[in-house]
Amino acid sequence: MTTQSLAKRLSDLQPHIIPNNDSTDYMLKYCMEKDLDAMAVVNVSILKRQVELWKRAMPSVWPHYAIKCNPHPVIVRTLHELGCGFDAASPNEVEKALSVGSTISSIIYANPQKQAVNIKKVYELGVDTFTFDSEMELIKMIENTPEGKIGQFVLRILPVNTGAHQNFGSKFGASKKESERLLKLAQRLAQTHKNFTIAGFSFHVGTGCPFGEAYVKAIQECTRLCSLAQELGFAPKLIDIGGGFITQEALLHLKDHESIPSFNFMDIGAAIEKQLIEARKVFGEDMKAISEPGRFFASNCVKLVTRVYGRRIMFDDNEPDVIEQMPKVDEEESLTESDMMIRQNKIEHVKYYVGEGMYGYFNNIMFDHVLPNMRFFRNEFPLDEQDCEKHISYIFGPTCDSMDCILEGKQIPLLEIGDFIVVECFGAYTWAGATEFNGIAVTQMVTVVEPEDA
């Protein structure tokens, strides 16, 4: 185990040391100094703390980071340095893992439905562990396993009634009966095809699952299927408990998060560890347990700031004209927003234009059931939302698309040109889906580290 600090291990990435562990203050000053309309930071110290938390909660489960969640090179590299493996779902993601020094044995190709050409490519890259959940996929993997290779096939099962905020069962996962049939079919195919084995079982309970019992039941089903697989001549040694783990902070971004019961990650981990002890009685003491966390690692370590560069106050045109009833500001006709507010023209709503939007980091509004939890700053000071007059507001991104709206019809303080919006814990499924639509570059991400890890 290396004794070098995290910053020294990542020295080629040139992480900035943030004073007082305050990345918000650092970002706001950086934006003002560089005259930026948007920027993000990835705090590698937070990544380190999340990995340490995982190891405390589930010491026997080796996390394989789901690269799709945020494939930014800094995140992938840091998690490799911290001892994580990787869950890849495309040849490109396999290459990303290998590029940071990951070993072949540290990568699982966890896409249950794959193009034949991608199966061949992944084998060429050296990875031989694949998930599947259907007859056609099993046959496809067998047919595309190169001569001399033994495919390590992992059956993905379908957990039921998990209570997760987002369920994945509509797309992936074999039911109990289907799983039994697939194992028996695999036995039959193995009689004529000696190029594969059933290496284990995987599942995904869904995103934002607060119930340890959901994982327990899924592990129990994996254990039951392991007994059947052993009867059929296989020797599974792997349980992949999938992803779906979320932090309390990132939970605040999910729509209807109030409906999710409170949970304790350590308690969930304890329930999983206890059930894995039981599973080893069937799988054997050499059983390996892995997981595929994405947002658990990527969420908290990224923070986004964007600046207000445009504002339109929309006054109520149907309100009776009160100008004649009010003292005049001057002898000329009032044409400015400030004068109209002084004369008590009613504000119907306010439209803001900022440097980040739906085609950038906020694509997760569309794809990840997110309603961003925003904070507002003037210079480097937070606006006191309790004392501010609030108005119905709409916040638009920088593109010409009218659908590029990141906040719609919500009451927020009246912002000025140059004010900032800060979104914390915003690393999951944000940068990963950002585009350069309208020729607008993807917002840069600056690497930062806290003093204790420097």
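Including glycine, each Cβ sits where the backbone N, Cα and C put it.
Here's what TrEMBL has on this protein:
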ACT_SITE  Cys400  active site, proton donor
DOMAIN    47-298  domain 'Orn/DAP/Arg decarboxylase 2 N-terminal'
DOMAIN    300-427  domain 'Orn/DAP/Arg decarboxylase 2 C-terminal'
MOD_RES   Lys68  N6-(pyridoxal phosphate)lysine
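Across the fold, the C-alpha of Lys68 (N6-(pyridoxal phosphate)lysine) and the C-alpha of the residue listed as 'active site, proton donor' stand 28 Å from each other. Here the domain 'Orn/DAP/Arg decarboxylase 2 C-terminal' (300-427) has, by DSSP, the following mix of helix, strand and coil residues: 18 helix, 50 strand, 60 coil. For the recorded site, the residue listed as 'N6-(pyridoxal phosphate)lysine', the DSSP three-state label reads helix.
Confidence annotation: the domain 'Orn/DAP/Arg decarboxylase 2 N-terminal' (47-298) carries a mean pLDDT of 94 in the model.
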